[in-house]
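Remarks on the structure that follows.
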Amino acid sequence: MLIDHVAEPQPLLQLTPLGNSSDKFFYYSFMKAAESFEISMASRVEIDEDSDTNKGSMWVLDQKLDQPMDEEAGRLRNMYREKKFSALLLMRLAFQSLGVVFGDLGTSPLYVFYNTFPHGISDPEDVVGALSLIIYSLTLIPLLKYVFVVCRANDSGQGGTFALYSLLCRHANVKTIPNQHRTDEELTTYSRSTFHEQSYAAKTKKWLEGHASRKNALLLLVLVGTCMVIGDGILTPAISVLSAAGGIKVSSPGMKNDYVILVAVVILVGLFSVQHYGTDKVGWLFAPIVLLWFLLIGGIGIFNIWKHDSSVLRAFSPVYIYRYFKRNGRDGWTSLGGIMLSITGTEALFADLAHFPVSAVQIAFTTVVFPCLLLAYSGQAAYLMKNHDNKTVLQAFYLSIPEKIYWPVFIVATLAAVVASQATISATFSIIKQALALGCFPRVKVVHTSKKFLGQIYIPDINWILMILCIAVTAGFKNQSQIGNAYGTAVVVVMLATTLLMTLIMILVWRCHWILVLIFTGLSLVVECTYFSAVLFKVDQGGWVPLVIAAAFLLIMYVWHYGTLKRYEFEMHSKVSMAWLLGLGPSLGLVRVPGIGLVYTELASGVPHIFSHFITNLPAIHSVVVFVCVKYLPVYTVPEEERFLVKRIGPKSFHMFRCVARYGYKDLHKKDDDFEKKLFDNLFMFVRLESMMEGCSDSDEYSIYGQQTERSMEGLINNNGNTIGSTADLTISSVDSIVPAKSPLHANNTMSSSSQLSMQNEIDELEFLNNCRDAGVVHILGNTVVRARRDSRFYKKIAVDYIYAFLRKVCREHSVIFNVPHESLLNVGQIFYV
């Protein structure tokens, strides 16, 4: 029986590229000797064909992997694990991480004390209490939670909420769009751990997978965290640049606040306008600027402690936190919204983790960032102990700077604010790219700005939206206090989402003891819920801004994901039966015209409905049809040599193939001709491999992907039509064709005839494919329109008929993403109702 999908394909061939030239040569080698193969009887093989199950006995060829191949597989996997670095290189990476990871956290001293005491300081002892809160906030959240725990939960170096979600998707079936295949798990970057069925992790996994509502709740949690990160991308440039520009008023007290806002807006416009150049050319400046900034604020802090009041160091005792709350009551509680700003940038620390090992980040934070921040806050507190009037609190940072170095510090502060804003904007681009890859964001243009670093991208549409919203926030609020309230709300919600995701990571991925999970989750929630309760008091004082921004982006992302999921379910349920396709015969009941038709579909198995819709409405189809599926997996990248999965559909006379192109959420589908070229290279390679294996099976089902080749064999039939027993010997011919060997002479004759026939078939089919390719390639894309049913509820009609339809209209078309020439494009329209 000819089928489209076999349950358990067995890997047979190793395919290795030689050289880097445009004309690639490949050598094919079987895994060692003939004795490494054995024939076993499969008493039951289940074949999935359009939800029908065909059961029967057939011969299955099994292969024993020898040790050298295990070593090679291990070597490939180790390429994508964190490497061990020398001490010198680790210090260099720690230095470089300062400019990318810690810019946002480092500029917090510009505005923390003003937002903590917006109405002035009534009692100098309150400064000590606030400083104690800042010290323990920095210790518990950035240092202990993020640097030493959360950063270790990275997805092969990638951080952020979607990286955590991808880890969970690999360890539990929680992905809402079920487009994964078991072959995806064999990727070198697809790492996952297993656990005992009776373990706590297995029970948690079963609970998560038990109901669709839990999967949706997990996705909603990830989307909320993502939307708040986008809010950070708007609020961080606003408060950082405005706070830095506020230093102008210190030297010119009579200057109006409008001029400060104008300077901040000019800097913001310039910052967003140069985003398309990327940070590759100027990125080398970021680390020296941020290092100089940390050394300056640390040095100024030491100076202020020595000059003004060294008694502020008693704030290292947590007793002063208790006294602070006892003395101030509700006002002290609400002031936590300002204290919260001392740990802003912590989530960006995790999201910007991509290019640095965790150990480098830990070294940079513990040796430079953490000590300098403690000294900076302690120095400001010492200054405020002696100068605590309202005007002094407003510009506490700039007024505490020694007069001789004021302007150099002002320049460095402005540059540090720009670097911090750049890091947050880059993190926003990165997390939107991840959301787009996982089907949770409308298709937007993504530009790769660096040839060296995969993660440096630029999204024009998002960039201008961020700029407009950032300028609106800056010019609308006109003061740091309200922006600070908004900023604190966004940060604490992201931290809560990360805590809940980390709880699942510790259970499913790390398999920690439940006591450790309870301790981490309990401590994190106590601290973060305390801050969250404080920022709720300031929702009407600017805290509503990130909630509105997040709600708008959440609506867009969830509606887009809902429409994408329904479209996928429609294709799954309406895919064409293989029996119907095979019944049409080799000509498919149509005229086969010269050329190759690339039918794009979201299905990784089965024949899509648009194909049957196409052939029932047009009288002709191309001589060769290739079903192309481009899908994104919950991994950060798919190695180039493992990207394509190719197999044949139906008999050879049908000339129908399937090609699945797999990408990770950090990979870019570049706008060039490489995709089509690589697709055909892999298709031709598949035909060669198939022809080499022609003698060992009567099955037409093969798969190859990059360096791996998979094939399912239904049985081995001898020349007389008798089934070969399980004890038959195997011989490998000169062209790697496997045939049963009863005697050396018989084997040699069989191999010779099989070899000649296979080579001739290979030449004929390759020539046929080349001729069809020369005749022209047509890209057939489905244009599925989603509509709500007439009896649907009104909110569903608004979401589907208006919001989703609008997003589909304004987002990029698939033809643009795949760089399909307009003259080679053919759209097949269809409508379905949800």
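Think of each number as a place in line: the chain as shown, counted from 1.
Glycine residues also receive a Cβ, built from the backbone N, Cα and C atoms like all the rest.
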Of the residue ranges 85-107, 798-820, which one carries the transmembrane segment annotation in TrEMBL?
85-107
Of the listed stretches (85-107, 453-475, 515-537), which one yields the highest count of Cβ-Cβ distances below 8 Å with the transmembrane segment (284-306)?
85-107
Best-contacting stretch, by C-beta pairs under 8 Å, relative to the transmembrane segment (217-239) and drawn from 405-432, 453-475, 487-508, 515-537:
487-508
Report, as numbers and ranges, which residues of the same chain sit near the transmembrane segment (259-277): CB under 8 Å and 6 or more residues beyond its ends.
237-238, 241-242, 245-246, 248-249, 414, 418, 421-422, 425, 447, 449, 458, 460, 463-464, 466-467, 470-471, 474-475, 478
Mean pLDDT over the domain 'K+ potassium transporter C-terminal' (594-831): what is the value?
71
Of the listed stretches 85-107, 127-148, 405-432, 580-600, which one has the most C-beta pairs under 8 A with the transmembrane segment (620-638)?
580-600
